[in-house]
Amino acid sequence: MALRRPMVAGNWKMNGSAQLAQELFKKFATKLQNDSAEVVLCPPSIYLESVRQLLDENKEALNGCLVRMGTQNVSQHDFGAYTGEISGQMLKDSGCRYVIIGHSERRRMYGETSDIVAEKFAAAQKHGLTPILCVGESGPAREARRTFEVIAEELDVVIEKNGTMAFDNAIIAYEPLWAVGTGKSATPEQAQEVHAFIRKRLSEVSPFIGENIRILYGGSVTPSNAADLFAQPDVDGGLIGGVSLNATEFLSLCTIAMSA
């Protein structure tokens with residue numbers, strides 16, 4: 001069995017502040033003890049420089065720990081007249097290592113199709129960023145027993161454009177749309193079932209990638225349900241929304257992941 005290091009990625013969405021970043025690093029510096037889990041902070045782009053400075057300032061205190069910086073979106077274009085967009089190279093220059101791709105809110109609110117998601121996946125990797133690719137089904141799709149069909153379609157578009165080996169440098173996040181921001185989480189058994197499907201789907205085209213890729217669960221993860229979720233054999237951590245805005249609770253999730 002592959003040894004996959006758990007990851008806890010905090011997606012602040014359009015929330016947070018420089019003060020929140022300071023609070024998080026104050027706790028990280030005293031409470032994070034080792035590198036058994038990887039912690040990723042994905043603040044709004046305006047705070048990337050603040051987070052990078054805090055990473056530098058706390059480098060000695062965090063020695064032996066894995067705290068990285070990510071972002072919530074990337075343009076599929078390298079440069080040009082795209083007002084408000086940020087390219088992969090710009091994000092790489094800012095110190096980002098990871099980028100969330102295809103979050104359900106981007107797909108739903110901003111019309112990001114699976115083709116656009118696949119292009120953004122490619123743009124991220126082109127500039128040395130690791131995509132955190134989000135996939136997931138809606139409530140009606142689950143009720144219609146179409147969960148696997150929807151997720152397979154979302155994965156296949158990315159595979160068709162980028163090739164299976166592109167997943168050698170990628171993370172997948174399963175985020176059931178009916179659980180995102182609702183306070184209603186998938187049960188550990190439901191999460192495991194879908195994660196196992198994703199892993200099997202990728203294993204069919206590359207056993208190595210299927211075995212080694214990290215698959216996060218995202219959807220109302222809290223300190224009270226994280227241990228059971230993270231204990232599932234195919235759940236490799238979480239993509240965290242609301243709880244990532246509370247320094248104490250987010251640190252609790254990191255600690256749980258370290259012992260998963």
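Every residue gets a Cβ built from N, Cα and C, even glycine.
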Worksheet entry | Additional site residue, GLY64, GLY181 [criterion: listed by Swiss-Prot with ASN11, TRP12, LYS13, SER220, GLY241, GLY242 for substrate] | GLY181
Worksheet item: Could you state the CA-to-CA distance between SER220 (substrate binding site) and HIS103 (active site, electrophile) to the nearest Å?
Response: 14
Worksheet item: GLU175 (active site, proton acceptor): which of the recorded positions TRP12, LYS13, HIS103, GLY241, GLY242 is the nearest Cα neighbour?
Response: HIS103
Response to the item:
Most Cβ neighbours within 10 Å, among the binding-site residues ASN11, SER220, goes to ASN11
Worksheet item: Since the record lists LYS13, HIS103 as recorded positions, which of them has the fewest other Cβ atoms within 10 Å of its Cβ?
Response: LYS13
Worksheet entry | Rounded Cα-Cα span from GLY241 (substrate binding site) to HIS103 (active site, electrophile), Å | 11
